[in-house]
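Trainee: Annotated compositional bias 'Basic and acidic residues' per Swiss-Prot: 201-212, in sequence order. According to Swiss-Prot, the compositional bias 'Low complexity' annotation covers 213-224. Annotation comment: Swiss-Prot describes 190-224 as region 'Disordered'.
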Amino acid sequence: MAGQISPTRSALLASKASLKTANGGADLLKRKRDALIGEFFALVKDALAAREQLSSVSKGAYTSLFGAKAWDSPEAVESLSLAGTGDYAVDMQIESIYGVKVPKINIPERAAQADFSPINVGARTIQASNDFGGVLEAIVKVAATETKLRRIGEEIKKTSRRVNALEQVVIPGIHDDIRFIRSVLDQREREAGYTQKKIKAKIEGKNKEAREAAAATSHGSAAD
């Protein structure tokens, strides 16, 4: 970058201002990254808990299903399973976590009992239906939590790349510019000082010659 800038004092001031801005930007990005990392690990715990909950409710639901199949007729079990194949509405909003847009899902309360055909069904079949409703809720929770986790992770990588670019490319480049400008300005100052000394010496030499000439003329007049 040094060869592309004009080595002037105004350019030096501009480079110093750019360096201050770049350092400030890097510090802000680091703080953002640290906050996101903290949020990421909190979400990891939530995601693991959601997965464990899904595993637990799934086991319970299949246990209920096996009991329903053992005690109720296949028609009753199928009737109640078909009753739960309708649309499952969730309330999804978008929230911002340190500037990262992530989904916020509110799971609505399920009805106490699903609609089903008027076939006589037992309590075990109804319980199995309710348990699988819990599985669906757990799946939605896992999906929402892991989506947040993925987006936060992507933002951490993006922020880290920006920090690295500033610290490894931009800031060192500005330092190079400042060193280049200072070296040129220092060289110019030395050259200007050397030139001034030469001019001063030349002027003093001429003044000395003039004084000597004047003195010689004065002595000559006195002799006459």
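Cβ atoms here come from the backbone N, Cα and C positions, even for glycine.
Situate these features within the shown structure.
Mentor: With a threshold of 8 Å between CB atoms, no same-chain residue lying at least 6 positions outside the compositional bias 'Basic and acidic residues' (201-212) comes near it.
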Trainee: May I have the DSSP-based helix, strand and coil counts for the residues of the compositional bias 'Basic and acidic residues' (201-212)?
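Mentor: So the compositional bias 'Basic and acidic residues' (201-212) is made up of 12 helix, 0 strand, 0 coil.
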